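What follows is a short report on a single structure.
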Amino acid sequence: MKSTLWHNLKLCAHGDPNDTIADAAIAVNGDGTIAWTGRASDVPAGYVHWPREDLRGAWVTPGLVDCHTHLVYGGQRADEFAQRLAGVSYEEIARRGGGIVSTVRATRDASEATLFEQAAARLRPLLAEGVTAIEIKSGYGLELASERRMLRVARQLGERFPVSVYTTFLGAHALPPEYAGRADEYVDEVCERMLPALADEGLVDAVDVFCERIGFTLAQSERVFEAAARRGLPVKMHAEQLSGGGGAALAARYRALSADHLEYLDEAGVAAMRASGTTAVLLPGAYYFIRETKQPPIDLLRRHGVPIALATDHNPGTSPLTSLLLTMNMGCTLFKLTVQEALLGVTRHAAAALGAGDRHGSLAPGRQADFAVWSAATLAELAYWFGRPLCERVVKGGVTVFARDAR
């Protein structure tokens with residue numbers, strides 16, 4: 001590609017709507033990195049005569065980052081949704097062979113090609129909303145071959161779509177049926193066989209665990225973290241979603257990239273996260289879908305200065321959500337986040353939750369030229385509208401990879 005000067009734009013370079021430039025320009029090198037950003041009147045002489053792209057006064061933000069998803073899995077669970085609406089309990093659905101076990105079964109039965117096809121359909125609407133980086137977890141295979149297949153598909157999505165994919169091994173997501181009553185033995189399998197094999201194949205960027213009464217205990221979670229540490233892999237945790245239990249504090253002790261959900265997080269956990277630099281990833285889609293009533297402790301997170309990120313938590317059981325903009329709206333409406341917090345939560349703070357703050361979430365010299373162009377008069381509209389297509393163009397590595405008027 002050729003070096004380009006993008007001009008006639010309003011710039012929110014670092015995901016903060018309180019830090020913008022009204023008449024800005026972005027100089028992008030031929031290798032897809034940013035050479036310079038700033039006021040149009042201050043363009044350095046070396047870039048003035050570069051070929052130009054006129055954005056007609058549109059807002060530009062960093063490409064959005066969806067930092068918590070379960071995008072790869074077999075099938076879907078709309079039938080269970082209908083059953084729950086008819087009054088059937090989750091426990092009864094599980095007794096009938098539904099719930100997470102049904103997704104595990106569908107994922108194990110699906111070919112790699114089928115998993116890719118289904119995940120690609122879920123990914124496309126996110127890309128059309130300006131997402132340029134995404135995390136994808138395993139965790140619906142719960143045995144080596146299927147977990148490998150999920151992570152391979154996640155890697156393939158990053159190779160075949162214009163998006164940076166970060167993979168997370170979530171073998172400790174649930175207890176597979178064949179290990180019923182033998183949770184410690186399954187954790188042995190995760191730590192001693194699955195994680196080493198998948199890490200050796202280069203399929204794992206981070207390791208996650210579901211620490212909860214219906215998931216894995218603190219002791220079991222710590223074993224997974226120790227196994228990750230032996231491999232030099234960063235960790236993250238599903239913590240305090242359904243009950244308090246010290247999961248976030250444990251995650252902080254291992255300097256986790258993030259602790260996610262956090263509805264039942266207490267002040268000790270918040271303080272530990274602040275001390276360790278662990279990002280709080282809030283998932284309002286799941287909160288909404290399961291009709292949760294206990295909100296994450298937003299005021300405590302603010303008071304302690306813990307960075308807040310937002311993510312779709314796309315998954316078939318509790319958050320079949322493929323819109324990061326709707327996630328922003330939910331974060332503001334349900335959790336009372338400000339527009340500033342919501343936009344930072346899907347840019348700079350979301351990138352930090354992936355350990356990728358030096359690559360994504362901000363537009364600065366030397367970084368990838370990944371940005372979204374918006375049809376909006378103000379940045380508040382990104383969190384205000386839902387169901388309205390606002391993203392006009394997506395640029396990845398300096399190249400336009402999506403344009404609404406070109407579809």
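Any Cβ shown, glycine's included, is placed from N, Cα and C.
Given the structure is predicted, the values throughout are model-derived calculations rather than measurements.
Under the heading Zn(2+) binding site, Swiss-Prot lists HIS68, HIS70, HIS238, ASP313. Neighbour count (other Cβ atoms within 10 Å of the Cβ, all protein chains): 26 for HIS70 (Zn(2+) binding site). A coil conformation is recorded for HIS70 (Zn(2+) binding site) in the three-state DSSP classification, outside any helix or strand.
Within its own chain, HIS238 (Zn(2+) binding site) has ASP208, VAL209, PHE210, CYS211, GLU212, GLY215, GLY247, ASP260, HIS261 as residues 6 or more apart in sequence whose C-beta sits under 8 angstroms from its own. Per Swiss-Prot, Fe(3+) binding site is recorded for HIS68, HIS70, HIS238, ASP313, and the stated evidence type is sequence analysis.
When other Cβ atoms within 10 Å of the Cβ of HIS173 (4-imidazolone-5-propanoate binding site) are tallied across all protein chains shown, the result is 25. Following the DSSP three-state reduction, the secondary structure of HIS173 (4-imidazolone-5-propanoate binding site) is coil. The 4-imidazolone-5-propanoate binding site feature in Swiss-Prot is assigned to ARG77, TYR140, HIS173, GLN241, THR318.
Residues or ranges marked as N-formimidoyl-L-glutamate binding site in Swiss-Prot: TYR140, ASN315, GLY317. Taken residue by residue with DSSP, ASN315 (N-formimidoyl-L-glutamate binding site) is part of a strand. For ASN315 (N-formimidoyl-L-glutamate binding site), applying a Cβ distance below 8 Å and a minimum sequence separation of six or more within one chain yields THR69, HIS70, TYR73, ALA286.
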*Taking the center of the Cβ atoms of TYR140, ASN315, GLY317 at the recorded N-formimidoyl-L-glutamate site, which other residues in this chain have a Cβ no more than 8 Å from that point?*
HIS70, TYR73, ARG77, ILE100, THR103, GLY139, PRO316, THR318
*Consider the binding-site residues HIS68, ASP313, GLY317 and say which one has the Cα lying nearest the Cα of TYR140 (4-imidazolone-5-propanoate binding site).*
GLY317
*Cβ atoms near THR318 (4-imidazolone-5-propanoate binding site) (within 10 Å, other residues, all chains)*: 20
*Please report the number of other Cβ atoms within 10 Å of the Cβ of ARG77 (4-imidazolone-5-propanoate binding site).*
22
*Please state how far apart, in Å and to a whole number, the two most distant Cα atoms are among TYR140, ASN315, GLY317, the recorded N-formimidoyl-L-glutamate-binding residues.*
11
*asked:* What's the number of neighbouring CB atoms sitting within 10 A of the CB on TYR140 (4-imidazolone-5-propanoate binding site)?
replied: 28
*Starting from the Fe(3+) site formed by HIS68, HIS70, HIS238, ASP313, give every other residue of that chain whose CB sits within 8 Å of the mean position of their CB atoms, in sequence order.*
THR69, LYS137, ASP260, HIS261, LEU283, ALA286, ALA311, HIS314, ASN315, SER319
